[in-house]
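S.K.: Okay, so Swiss-Prot annotates it like this:
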- 19-116: domain 'Yippee' (DOMAIN)
- 23, 26, 79, 82: Zn(2+) binding site (BINDING)
- 99-104: motif 'Nuclear localization signal' (MOTIF)
C-alpha cells in the first residue's frame, strides 16, 4: 500500500535589496517591483496592479468572466501562506487587443503592502 502525503509548499523570499510587494495580511512576499507592468487596473475591491510574475501565490480553476475590457478566462489567485484571495491570473483573452494580459497577474491594492527599500 502506498501512503499519500501532502507535500509542503515552501515560502519564497525575494532579495532584500529590491523593492517588493507583500501580502498585507501575513507579509508573505508576492512580487518584485521589477515585475510590475501597470498600476492602471481595477479589481473587484478597488485599484489593482498588473504583474508579469508573482511568488507564494496559488491559483484556482479558470472561468470565463466579463471584465471592464471584455471577456477573459481568469483564475482567482490566493496567498499560499494565509489563503486570502488577492486577485486573478489572466489565462486567456478573447479580444486580440487584450492578449498581452495572458499569463499575467492582477493583485488588488487592498491586499498588498510595499516592503524593502521604498524610502
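Each residue, glycine too, has its Cβ placed from N, Cα and C.
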S.K.: Using a 10 Å cut-off on Cβ-Cβ distances across all protein chains shown, tell me which of the binding-site residues (23, 82) has the largest neighbour count.
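M.R.: Checking each of 23, 82, the winner is 23.
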S.K.: Same-chain Cβ contacts of the motif 'Nuclear localization signal' (99-104) under 8 Å, 6 or more residues past its ends?
M.R.: 37, 50-52, 72, 89-93
S.K.: Across the motif 'Nuclear localization signal' (99-104), what does the mean pLDDT come to, as a whole number?
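M.R.: Over the motif 'Nuclear localization signal' (99-104), the predicted model scores a mean pLDDT of 97.
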S.K.: In this structure, which of the binding-site residues 26, 79 has the fewest other Cβ atoms within 10 Å of its Cβ?
M.R.: 26
S.K.: Can you name every residue in this chain, apart from 23, 26, 79, 82, with its Cβ inside 8 Å of the center of the Cβ atoms of the recorded Zn(2+) site?
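M.R.: Close Cβ neighbours, site residues excluded: 24, 25, 27, 28, 56, 80, 81, 83, 84.
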S.K.: Please count the residues of the domain 'Yippee' (19-116) that DSSP assigns to helix (H, G, I), strand (E, B) and coil.
M.R.: 12 helix, 60 strand, 26 coil
